[in-house]
Each structure stands twice: as C-alpha cells, then as structure tokens.
Amino acid sequence: MPDSGNSSWDRRSALRAALGLAAAGGLAACGGNNGRGGGGSGSGTSLVQYFHAYGEAGTEQAIKRYAKAYEDANVSTQWITGSNFESKLFASLLTDKAPDVFEFHPQIQLVKSGQVADLTELIDPVKDDFNPADIQSHTVDGKIYGVRMIDDPQFFFYRKSLFDKAGVGIPRTLDELVAAAAELTTDKVKGIYLGNTLHSIVNPLIWASGAETLDENNEIAYHTDGVVGGFRTLRTLFTSGDLLLDAPTDFWDPSALNQGLTAIQWCGMWAMPQMQQALGDDLGIFPFPKVTDAGRQTVYNGGWSMFVNAKGKNVEAAKEYVKWLWIDRKEYQEDWALSYGFHIPPRTSLAESADKLKSGLPAEGVRLFNEFGHFDNIGWTQAMITALEDVLANCVRKGGDPEAELGKADGKVNRELDKLFG
Amino acid sequence: MPTTTTRQVSAPARSRRGLRARSTLAFWLFTGPFLIGLLIFVYVPILWSAWLSFFEARFTVTPSDFVGFENYRTMLTDEDFMGSLVTFTVFAVIIVPTTWALSLALALAVNRLRFMRAFFRSVFFLPTAVSYVAASLIWKMSIFNGVRFGLANTVLGWFGADGTAWLASPDPPWYWLVIVTVRLWLQAGFYMILFLAALQNIPPELYEAAAIDGARPGWQTFRYITLPQLRATSTAVILLLLVAAYQAFDEFFNLLSKTTWGRPPLVELYYKALGENQDYGAGSAGALILTLLICLVTLLQGRIMGFGRAEGSK
Amino acid sequence: MTTGTSRRGRRGNVLGSAGLYAATSVAAFLFLVPFYLIVRNALSTDAEITGEDWQFFPGDIQWGNVTEPFDDPTVDFARSLWNSAVVGVAHTVGTLLVCSLAGYGLARIPYRHANKVFYAVLVTLMVPTAVTFVPSFVLVSSLGWVDSYRGLIIPGLFSGFTCFLFRQYFLGFPRELEEAARVDGLGYWGAYWRVVVPNSLNFFAAIATITFISGWNSFLWPLVIGQDPSAWTVQVALSSYMTNQTVNFHLIFMATAISILPLVCVFLFLQRWLVQGIAQTGIKG
C-alpha cells in the first residue's frame, strides 16, 4: 500500500465510521494478504482455520498441504505461536474476521454461548471407530461438538543412565518420586522438572490422589484429604532444591532433558522423537505415581480438537471441510499424528494399524495411555482450571495452606458451576 | 489544503467579531483531524467499555443481559483485583524513586564529562531502543534464568554461592529484582535525556553568583541551585514514571508467567477478562475503576506538586 | 563530590574527575551487558550457550547465524522488517502532522472552549490501553482494516500524550516570531508552516525519535491486527520465535539483534537533536 494514500484516506473513512457505516469490502485488503485466496477466483467459498504453532518441524507445511488438497473451498491457515494463541483466537471470534474452523480443547462454555457448532451428524456414522473417551469428552446433552484430531498423553520421561548411576528405581508413590529427585540431584543436574509454572501436573495430582475434578453431578470432587496431602508433598519438593526451576524452556519442550539440566521431566508424547534422537536408548517413561494408597498411577490424556465456529459465515462449508479432513481422509490423519511428533490417533482403526506405535518406547507410551490415562472433563472450564492453578501457585510456590486455598477455589468453582448448570 | 491559506490571507477581517469567528474556524481546522481521530479510536472504545461494564458480557462485546452495578461489586470485592492495586503501589514505590535517582545521577555525570560525553550519553540512551519483548527475553533466558548457563547464577557461582531460581518463588521476592532492573535499564536513559536538557537550561550565571557568595561546588550548589532549578522537570518525570508504572504490563506478563503474586492491575485484568476467561463485563468494570483511580491520583499529585496548573494561573 | 573537593584544588579536581569517569564507566559497562549477551548468543552455537561452563565468547564465531532468520520458511523475517519500517515511518509522520497541528491549535489559537477541549484530550492520558483494547479491535476490524497497514497505523496516530507535549512546547514558542509573520499578512495556517515549523525542527526531531521507537516496538496491537504472517511486524515475528515449542537460542538472539539494529542506527543519528529538542519543550511545569 502506498503511504501517500494514507492521509487523505484516514479522514474519509474515519467519517464513514462515525456515521456507523462499515467500510466497503474492497478497501479491506491492501496490506498484502497472500494467505487468503477467495475474492474473484472461481472456486467459491473461502474458509479460514486457526492452529496453534506445533513445535515439530514440518507440521505447518503439512496442515497447509492438506488444506490445499481440499477442492470444495479455499482454505487458508493461520499458524499462531503458542502463548498468543488464546488471545488471538478469542479476540478474532468476536469479529467478522473470525476463523470458520479452529482447534481448541472441549470446554462447555463454548457450547453454552453458542460459539461452536453441533457436529453430531458428522461423527455419528464413525462413532464406533473413535476412542469412546474422546467422544464422551466432547459431548453435551447427547450432542457432539468437536472432532478430536490427536490424543497427547503426558507422563514422566527419565534418563536411564542417571537412574542407574544414582541407584534409584522407578518411583511408585509421590514420596518415592521426591526421594528419587533428591538422589538424582548433583551440582550440575537437577533431579526433576515439572515445567516453570508446574501447572501441567494439577490434574494428574488430583487423579493420582484418587479424586476427580468434578463428579458425575458436576459437583466439586477435587477437595479431598489426599489432594491436600499431595500439595503438601509438592511443597517439600519445591523447597528441596531438587526441582529444576526457571528453565529457559517450558515442560512441553524436550530441551531441559536433552540438555542435561534434569534427570526426570514431565512432558508429552509429542516430544518423544526429539528425545530419542538426542538421547538414544538412554530414555524411559513412567506415569505420575500414586499420591496416597487409595490413589492410582496417572497419565494425562491431553490433545487437540477441531471446532466449527457456529457464528461464522460458512458454517455448512466449514462442517464439510472438517468432515473431509478429520473423518474421511485417514491418510492425512495418520500423517498428522505420526509423521512429525508422536500423537495417538483417536480413531481406533488408525491407532491399531500404526506401525510406529507398535514397538519400543512409543508402544510403552500407548500402553500407559490406555492403562492409566485420564481425559478432560468438558464441564471443567477455563475459570475452574485457573482457580486450581492458583491453588498450586499459592500453596506450592508461595507456601500457603492447601486446605484454605482449596476452600477459596471452591468459591470460584461453585460460582462458575452455578452459571453453567444453574 | 493550500487553498485555505490563500483564503485566509486574502480576506483580512476588521471587526472583532469577524476575528473571533476566523480564529474559531482556524482552531477547528488545526485540531479537527486530531479530535475526530481521538473521538473514533479513543472515545468510542472507552464509551463502549463503559457500556459493557453494566452487562453480563461473556464471549461477546454486544451483550443484552443488563446487570446494573453487579460487575463493579464483583471487582471491588475481588481479593485478587484489590491485591493488584497493592502490587502496583509496591512497584511504584520502588521504581519511581530509583528511576528518578538513577536518571538524574546519569545526567549529572554525563553533564560534567569533558571527553567522550557523546559516547556515554549514547550508551545510557541506547536501551531505550529495545522493546519490552526483547528485553524480557534477554532477562529471562540469559541473565536471570535458574539454570547453570544464566549469567546471574554464573557470577554468583564464582563467589561460591548456590544458583537461585529468580522468578519461580515469591519468597524471597527475587522477582522484584528482575522486574525492576529490566525497567530501569529500558527507561533510565530516556529520563536522563530529559534531565540533561533541563541541566543545559540552567543559566550559568546562577553558579557564578553562587561561587562569588562562597558556595562550594558539589553538594552545596547541587542542593541549593541545581535541584531547585530541576524542580519542574522532576515533577514531570515523576508524573510520567507514575503513569508508566501504572500501565506496566509487558515485563510482568512476559517474566512472571501465571503467578498469583506480582500482578499489577493490567495483568490481573488480562487474566481475569481478556485472556481465556473472556469476561468483558467484569473486565471493563475493573478497567474503569482503575481509570477513575488514576485520574484521582493525578489530580492529587497535580495539586500537591503544581503540575499542569502552572500555565493556567499565569 | 565531597564537600572538601575545592579546597584541595587542582589535585582534587583531577581525582574527582577520575572518580567520575570510573563511576560512569562502571555504569556504562552494566548498561552494555545485555547488548553483549545478545551478540554473544547470536553468534554462538546452542551447545555453547547451554553448556556446563560459561563461555564469554563463542569459540568459532558463527557468521552463518546472521542469515538464518531470513532462511526460516515459517516466518518471513525480511517481510516483517519491511512492515515495521513502513509502519514506523508512516506512524511517525502521521502522528507528527496530526498532533502538532492540534497542539498548536490548543496552545495558540484563541477559542472560548479551548480549555475544555484540552481537558478532553488530557483525560485520554489516564485511560490505560487495556481498557479500550478489545472494543478498538472490534471497531477496526469492522472497518475491514485487519491485515492492512491502515489498521496497523491509523488507530495509533491520535496520541493524547504527543498532542500534550506539542501544546506545552508551543506555549513556550516566542510570540514575536509569529506576530512578525502575521504582520506580513500570513494567517494562522501560513504562519504555522512558514515560521513555526521551520523554527521548531529540533523539537519535531525529538518527538519523531520517541514516536518512531514506540511505533517500532509496539506489540499487542500488531499482534491481533496482523493475522496473516505477511502483515506481521518484527516484534510479532520475534515473539513467534520465543513461543515456538522448540526453542532455538541462537536464532532468537540473532533475530533480536537484527530487530534492534535499525533503531540503534536511527538513535545514534538523531539523539543530538533529541537533547536540544527536549531542552526547548514545555516539560517545565
């Protein structure tokens, strides 16, 4: 866009806005927007999809390649880097530049506010081929609101050689984990890394204590003695000096383990190929250990799902695209799950035929996923997630009393539950 | 535009009334473009925000569920929001005097240098060119990270001290050191320039007169001449620093990820309303409470230190 | 700078000034440390940066790192630099034009309600940008300005703060000069362009410097307006390196170094006027 145009433009269009008229569509695009075809080209509909930036090399190109192969609409991709994803997604959803299709996690407030479209009819025909938990976590009142693209189990990765050297075995309880971390710590290497905020282990801690976030009546189920004890134990770990803190990269990045900053790291299966490349066979995995005797070993089955913006301009076309890519084109789904990082395909038929997941450490990851995995609860919304993250920050990092902090969280969660379920 | 010029030149008005009408026209001609822009891009969003604050506005900015003052009640009784005001106060109490003192000291030093003055001035001023994004990155990844290749921990290691996790734990509150140093580094140079400019405006005769009266250079002339002469600049600098501290967002957001402490108001509002929570009603209410507060504080400071009133009373 | 300095005469002066230089040098050293870190990290390998022992300088200077940000297929770094340059220049020119005119009008053209208008401008200084952020975005987006230079530049032109600075400056501008121009038959408009502006270039340069920095360094607004990577500014590109799931240290720091370089050059060139310009401002209370 030539600069000279600006000064005369701004007043005219400013006036126009003052009168409450939207500027004519043709004015919109003058700052080069390569990504968007649309406009005059013959193929008709244009769709925009939002993805957060995956770290594994090749993922962006892959998503764009699939989109290009779709013939019934012009699909352009916004590839948005990590910590900016939510703010950008939510700001855009308020406007008419909103994405037609976006990836996110299942959260009930998106359904209640009418933001995401009902995809039941797309999924129903192949429902039996999906991991039942992946269907359940996207269902509200019998309707399915999103398609799971990938399941990402999170568990502990550890360096076998360092375990052997320190003479420690795989921890079965949280106390053993703390003790192992102490044994493994040297002046250059810390025992364990849980991410800089430690937030990613909130849910595993609750499950491993034998509790749940919410029960089936959507009432608070996390406030138990086991969870309180778990937070206390974590506090001792935090102050012990055996926990790696303030690492330059967060838990989702394999760097801390690969660079030898820690002996154990909480991370996701997506990083497994990079770790294997850096560490070879010097790598093992284990689930989050029991917090109490009544507890259970736990793996967090995270992941990403595709949603259709119900307030978008091309809802039907967007549904068609989602069906095409995430229901029909199995070769793309397999490529997406397995060619870059390791993710478990939610389609049972794909997961069972995937050679890469059949042996060695990946197979072990799948076993942990099936045996110990816990999925998100769709009623557990962002405000509640934040409330529990605050509990962790306040009692583990700050040293507050878990009982009192959980009590405070109860207030916030109940306020949210009231709004959602009346 | 040139047409206006000729019209004004060619039509000299005689009567007082004509003069006034002409100057009114000229006033709007000069200020018009700015005011129209201000109206659209500043006032419309402010009013929109004010309107939102009376609604239950989740995941929407065109809500229909009127709730009166409910959002204001929620925010005013919210511990975290009120706590953020305390955080801001602590931050302001630390950052305003230290920046003031450091930038004044740098200005005095640079002003007294005879050689290499331009060099030193450039060095102190250069950080102003760096963005908060870039500076936070350097501070977090290279200076104050908690691992063996962080500069701060490496230097501590030379003296035999253990590495510290600077940002992870609020006790001891090392995170303030990180936050304060990054802001000092970024902004001291700019305020140094303001002081330098003011120092150059002090008439040299004042110092000569003082020398004749037997005042010793150094502390005495500084106390009785320099400081009083810098009063106006100091006032302006303190006001600017206060406003900047109150608007602080970037370094807290980038350095302290998801803590429950060390959140100044804007960060608190971001997490509460603008981030994933999307509660625009409560967020707008909080923002307006803050705006009122800063207006009050500024007025109060203006009363006490006489800033902004001076030319009105002339 | 103790009270006894002058008694000791010349020797004291020499000592004092040696002390002054020493203290200033220490401060300068500390101010330069972060720049050193950027350059060191930018020219090292990742293994050297994250190694067990601190290395002051890279063993082999990795000049190849310099081009690496430009070769990255996912981020068009060169394009983002260009966008930042366009936005920075247009933002600066536009702000100077709009705000200086308004500042002059408020300071010098008699109008009954000028004070009220001035207060309406002052109030906007108190409103944090976060208050207006989302409504602004929705507004600008409904104008169809997302992903355009227009959307990046125009909403930022109307800075109450810059207008305020210009007003303060023009209040102190010598009236005699203007009056001479008026005698020559120039109206407000003619006097402004032929007399006021040419005699205020220092101040304009000072404001231009500050405005350009803030334009170049702004982040949150370009982040949401620049949805398509082709409309990213360099700060947005930089943050994308930071939050990528796999962190590449030397690349991040090289990109940072490159993003800072243009500003450093602008600065070294303009700072002389900056001091002079500010010495003439109305920041005097």
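Placed from the backbone N, Cα and C atoms, the Cβ positions cover glycine too.
TrEMBL has this to say about the protein:
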- C:81-270: domain 'ABC transmembrane type-1' (DOMAIN)
- C:20-39: transmembrane segment (TRANSMEM)
- C:81-105: transmembrane segment (TRANSMEM)
- C:117-140: transmembrane segment (TRANSMEM)
- C:152-170: transmembrane segment (TRANSMEM)
- C:191-213: transmembrane segment (TRANSMEM)
- C:249-270: transmembrane segment (TRANSMEM)
Flag the pair the transmembrane segment (C:20-39) / the transmembrane segment (C:249-270) as in contact if three or more Cβ pairs fall under 8 Å (sequence separation 6 or more).
yes
Closest-packing stretch to the transmembrane segment (C:191-213), where packing means Cβ pairs under 8 Å, from C:81-105, C:117-140, C:152-170
C:81-105
Outside the transmembrane segment (C:152-170), at least 6 residues beyond either end, the same-chain residues with a Cβ under 8 Å of its Cβ set are 83, 87, 90-91, 94-96, 98-100, 102-104, 106-108, 118, 121-125, 136, 140, 145, 196, 200, 203, 207, 211, 215, 218, 221-222, 225-226, 231, 233, 280-284
For the transmembrane segment (C:249-270), find every same-chain residue at least 6 residues outside the stretch whose CB is under 8 Å from a CB in it, and list them.
37-39, 41-46, 49-50, 62, 65-66, 68-69, 72, 77, 81, 84-85, 205, 208-209, 212-213, 216-217, 234-235, 237-238, 241-242
